[in-house]
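One structure below.
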């Protein structure tokens, strides 16, 4: 993890040298010596990273280097913060008392760092490490330029396994009056989860069962969490039931009388199986119900199974070659004979593991030179790692062929628990906060993060990628890749769950994830951490506890908490990422405005939040201000347009006061989602045009909201909406409270709206007609409600043979007073797919979807 941090430290040192304060504070000579030592160390990091596998002394040296680099980075960050303060206050004189104290402290700490790095550099000389090799980096750069998108999921050689399991579910299990439990057993990386996913989505299985439920169990058999997952899987939302008994009753209510299929994936223990089984039996009403269990542990299969286990064998060499070939050559790439011969030898080394073949096939994707293939076949790691299983050796070979910056991005994922479904955007934000990525040329830092994620995905380090209609991406890591990330991070990363102990917490810990209520976590052991960088609470709910008990973790870069007392924030001056999801705060403290380095501020589901700091615009580095479901918030800080770096602003509330108008949005390069509330406060179309929405090409979701429908201002509302024309690449558009009768011309122009996948129109009471929504080729979700004069959703004529309305529609929700059946609602020709695929059609009283 040292490379990107060291690079950042070197750059910060160079920037500090150029600041006259380095000379003023008397640390110029120390910085010069540090720069020389760091440059020499940085040049040999590539070789050191490779040698640490077999040379423990090198590994320990790298750990000491990483520890020292973290501390030096903290010092330089403090210097940058103090420099910014002095420049902003125009207080550069030597006589400023605060500066004098700061200078003395920095001088002392810099001297200590010079001594520390001098020792590290002396040890470097003993290892005879070679200078940086550029060849691999250039190869990786070429790979990056040629890859795009996410690899299609392919399965080879499991046809008979699939058939046997489907046969069991549809016949043997169906004839049983008891709960049938069928275990699938095999070592890690054989594709147990992939096989069961194939069965789960088999048409026969889909038709056979009333309910299908998937739960990832992982290392701890937590009955309450499993029951919560069952409820969430069937209802679509968290049950929010606090007792185990209430959850048991809810699950039995869901399952009773139904023929269901439950998948318990990745089970490691059976401690509480009988307790769960008693719930699943539903008092005997389980005829035809079945449970599929995947596990590496034979004893789990013997305890849980009601029939002999299905033992998954390694793939045959032929099938494994097909998988390798697909990930290397692709579906239509010409195979070169000499590479095929080498590739088949590599596949033999994979020992029938599809994960290994997939990883190494992805590694060699677009590598055209024979020597590159030979290097993998004859890699020293096959022998050096002889104590590891074959699959682990293959994964490590794939890892060590990543460039250093990507290795660090991958290893950082150890901060998440095993089998956790990660959000791509959140991971990139955490990479940003920890300095693992930076902008490159014309690419902004988020674009670099996106490229890093895509490359890791293409290389098979990430899997089970899911992308919803609006582009939100989530994914998982195979547990073997997760174990690899944990082994790389070692003491630097700690996941703190119910069973974890903090007694022997290392001073080297940099990243901590809490999987238990923060109010129950003893923070004292963390005080000895030399440079704690991330503290992430992943619990969906917690008591709104007091953050005043947080130790002075001055070095924190990323904090996710739902504490409601936030006085400790004033000390966290290094903070880049602050996520206060589901906090009970009523106001965001003013001290947040003094967190100079803050880049990401997330305020989601803070239902009581009514006020933001008035001086929030002092956060000049702020790039993402995400405000979701904060219904009590009625006003934005003034002059939000001064945040020139802002790239995401989920919510903007218009007011008539100075500094609160739509002109604040004019020069902001916003992307993602934007919801504009309070449009009744816009006086004229000129003010609306100042928002400059059509120029915001990265904007994907736009929601417009009027809080009052004043019939006297109908014409004004129409002119304002006309001036709020969005960019043509918009994916989701919503509108509520609009008082106009006519819709704007841009809503009639299907070329402007052609990319839309979701449309929400709510409480537009005076509208009589809707735009030609049926002509939108990608429209998947349509919600129309509270529009009393609308008789038909689409009045367009569709005379063309190939032209059908609502080609992609899957979800239609409507509540229109003057409409009757679905057939009268849609006068246009409905494609047969609409009826055949069972598009969800509902008519109900709807509350605002905004």
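Placed from the backbone N, Cα and C atoms, the Cβ positions cover glycine too.
Not measured: the values here are computed from a predicted model.
Residues or ranges marked as domain 'Disease resistance N-terminal' in TrEMBL: 6-90. Marked as domain 'NB-ARC' by TrEMBL: 159-327. The domain 'Disease resistance protein winged helix' annotation in TrEMBL covers 415-485. Among the features that TrEMBL reports, domain 'R13L1/DRL21-like LRR repeat region' is placed at 662-787.
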CB contact flag for the domain 'NB-ARC' (159-327) and the domain 'Disease resistance protein winged helix' (415-485), at least three pairs under 8 A:
yes
Please list, for the domain 'R13L1/DRL21-like LRR repeat region' (662-787), how many residues fall into helix, strand and coil according to DSSP.
35 helix, 28 strand, 63 coil
In the domain 'Disease resistance protein winged helix' (415-485), how many residues does DSSP assign to helix, to strand and to coil?
32 helix, 13 strand, 26 coil
Could you tell me the mean pLDDT the prediction assigns to the domain 'Disease resistance N-terminal' (6-90)?
86
